[in-house]
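Let me begin by presenting the structure, written as structure tokens, before commenting on it.
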Amino acid sequence: KGKCPEDAWDESTIELFLHELAIMDSNNFLGNCGVGEREGRVASRLVARRHYRFIHGIGRSGDISAVQPKAAGSSLLNKLTNSVVLDIIKLAGVRTVTNCFVVPMATGMSLTLCFLTLRHKRPKAKYIIWPRIDQKSCFKSMITAGFEPVVIENVLEGDELRTDIEAVEAKIKALGAENILCVHSTTSCFAPRVPDRLEELAVICANYDIPHIVNNAYGVQSSKCMHLIQQGARVGRIDAFVQSLDKNFMVPVGGAIIAGFNDSFIQEISKMYPGRASASPSLDVLITLLSLGASGYKQLLKDRKEMFSYLSSELKKLADAHNERLLDTPHNPISLAMSLKNLDENNDAAVTQLGSMLFTRQVSGARVVPCGSVQTVNNYTFKGFMSHANDYPCAYLNAASAIGIKKEDVDVFVKRLDKCLKTYRKEAKKEKSVNEISNSNTGTEQPED
């Protein structure tokens, strides 16, 4: 049926299935005689086993989705994977999606492929409207495709950074709709940035006849992000949305899914990919989804949502204990942020030092964001880089509840963060005492910072 089975398959069944597909490829025929330049020869038996003897990859030189005659098994693997992934995207909340394909590139390059496909439809266009999100790969995806990003600064609403819809529309009018390749929006992001106002952006794109590409990097795991895409497509225009395989399906880095609501446009994107492609990302995600089953993946989504609530409550308790606060970002369903005002006010280097302390204590993924850092990316200078705004009111720390997170991950993280903050406070108190003694001995006061 081309759908993800409801119940998980055991490992031996999956391996039998893969071996049956692999023996359909010509390089695995017993009497095969290859005289071409690409005959699926592999020098290492270990490498052959690692890939289940799928050596030919997917697609043909002109189309990544095309069937390869001498690799019937690999071609079937590719078709099945795309079909199963489409089923999972529908299950996750985008029910009217019509087509998708797995591409062996991470999210940034997959976005570039989308922009390059649009180039042929809009030859005059040179600009991409981009509500700011401080993440390098999505910014570089536009530069690599040869377009000029038009950065739309976010607006601060409470603690949240949200899309400036009026600024987007004003910029479209100023530049001219025909000169704009697309609007490049974002769903999944680090708090206090929250998902873009996709419905409003989709309506603007429909009104001005401008394509709309959504960076949904790790949004498949969030019912809220997927609902935004579904609603955006219902009320306005969304041409394609791109998501990472590793972030949403817990497979090695190296693949993404390009999906959309117009079957012919998604096919155009797949045909834009030059040459054949590695089958590894397709193989990884198919094995994973067969080993989970639809019910297993739904359970992972449910567990992630519960862990988000748990992480939120534990981080709030910790923030209160250290005279900080959990930033109020109700529109972000994956990422949380805790203020670091006390560290920032006492010592400029203290915020980044906390990040180093956590990393050396084997806490990965937590982002510590100081105020006022400046960074240049491809000749574009961002003030307040990593905070998604020029002047966010405070320094903060990020933590995310992503798919696969366990209760013990949250407990260990909170415990280690608590210890780091206590260590810093202890050292700061000690330094203050030393300064006071020094001042009393010299009879002078320390000048204020």
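Glycine too: its Cβ is placed from the backbone N, Cα and C atoms.
What TrEMBL says about a protein is an automatic prediction, not a curated fact.
Under the heading pyridoxal 5'-phosphate binding site, TrEMBL lists Arg38. Look at TrEMBL and you will find Arg60, Ser61, Gln68, Arg276 tagged as substrate binding site. Taken from TrEMBL, the feature tRNA binding site applies to Arg234, Arg361, Lys426. Annotated N6-(pyridoxal phosphate)lysine per TrEMBL: Lys247, in sequence order. Annotated region 'Disordered' per TrEMBL: 427-449, in sequence order. Residues annotated as compositional bias 'Polar residues' in TrEMBL: 435-449.
Location within the structure of each feature annotated in TrEMBL.
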residue	record	Cβ neighbours (10 Å)
Arg38	pyridoxal 5'-phosphate binding site	12
Arg60	substrate binding site	16
Ser61	substrate binding site	10
Gln68	substrate binding site	19
Arg234	tRNA binding site	12
Lys247	N6-(pyridoxal phosphate)lysine	23
Arg276	substrate binding site	21
Arg361	tRNA binding site	14
Lys426	tRNA binding site	10
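Here Arg361 (tRNA binding site) is positioned 49 angstrom away from Gln68 (substrate binding site), judged by their C-alpha atoms. In sequence order, Gly57, Ile58, Gly59, Gly62, Asp63, Ala66, Gly275 are the same-chain residues whose CB sits within 8 A of the CB centroid of Arg60, Ser61, Gln68, Arg276, the residues recorded for substrate being left out. When Cα-Cα distances from Arg361 (tRNA binding site) are compared across the recorded positions Arg38, Arg60, Ser61, Lys247, Arg276, the shortest belongs to Lys247. In this structure the residues listed as binding tRNA are Arg234, Arg361, Lys426; their two most distant Cα atoms lie 55 Å apart. A Cα-Cα distance of 11 Å separates Arg38 (pyridoxal 5'-phosphate binding site) from Arg276 (substrate binding site). When Cα-Cα distances from Ser61 (substrate binding site) are compared across the recorded positions Arg234, Lys247, Lys426, the shortest belongs to Lys247.
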